[in-house]
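Presented below is the structure to which this report refers.
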Amino acid sequence: MVKTQRVVITPGEPAGIGPDLVVQLAQREWPVELVVCADATLLTDRAAMLGLPLTLRPYSPNSPAQPQTAGTLTLLPVALRESVTAGQLAIENGHYVVETLARACDGCLNGEFAALITGPVHKGVINDAGIPFTGHTEFFEERSQAKKVVMMLATEELRVALATTHLPLRDIADAITPALLHEVIAILHHDLRTKFGIAEPRILVCGLNPHAGEGGHMGTEEIDTIIPVLNELRAQGMKLNGPLPADTLFQPKYLDNADAVLAMYHDQGLPVLKYQGFGRGVNITLGLPFIRTSVDHGTALELAGRGEADVGSFITALNLAIKMIVNTQ
């Protein structure tokens, strides 16, 4: 890394394990400066509950970034709306969570930060606060005015991107259009090259229907939509294999010769990845004008403040963001 970079972290739901994990991240040295967008008292109180040392130093955007020393975090303050009890949701803090996401996103857009790493949010309490919220991916897409973003989850061994994200099953077939697939595959291919340093990405593409449609006998989306798009993109030089049946794609004879899998919908691709590497996975938003990674788990309210939360996914998300920063320099 040519110079020290700043990355911004949002801990997520304040009553969940996000603050715990951020405090745990602070217990080691990092080659980047960790700027945490959060309430100061929330972090110091949670550190005290965990019995871990934590010193907060003020964010100074006009000073050169410094590698993070163990036991410290750089604080970009956002005030809670209500006091926090670990494990107990407070509706008004839904506004606080969205404020942290907005500030962190804006900081990436204006060049303050080289990457954004997000902790788990509670979508229900944000919506209960009167804020329509589908997820991080959609929030950052809208706020950054990105033309299109793609959700991808990754472990050390497997990357799975999604053609559609948080849609009811009944709506998925209609959503799989030639225009959508062109956009999604183009973004996936581009970001694998630019952010992951893969010169010629090899992508496996799932079919939509059982047995990838069985030649049109179990649905025609493969024949009508997926195959024509793949043929067009292959003619442009992309290395695409598919459409393949999702129930047989996830095995070494295919995965050993691929850099990523494109699944047609959320529950087609992610159960395999999460079974294979739950707690070690990272959620990545492709297509944004900045690097964004996230943990692959939820808020785990029942573990907040108990010292039992596993920081593994957060460490992996941060390490991957650092690698992506290096690849884009």
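Quick reminder: no glycine exception, Cβ is built from N, Cα and C everywhere.
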- Among His95, His266, His297, indicate the single residue that Swiss-Prot lists for the divalent metal cation site containing His166, His211. His266
- How far apart, in angstrom, are the most distant Cα atoms among the substrate-binding residues His136, Thr137, Lys274, Asn283, Arg292? 19
- Quick one: give me the count of other CB atoms within 10 A of the CB of Asn283 (substrate binding site). 22
- Task: With an 8 Å cut-off on Cβ-Cβ distance and a minimum sequence separation of at least 6, pull the same-chain contacts of Arg292 (substrate binding site), or say none.
- Result: Cys108, Ala115, Leu116, Ile117, Thr118, His136, Phe140, Ile284, Thr285
- Quick note, His166 (divalent metal cation binding site) and Lys274 (substrate binding site): C-alpha atoms separated, nearest Å, by 17
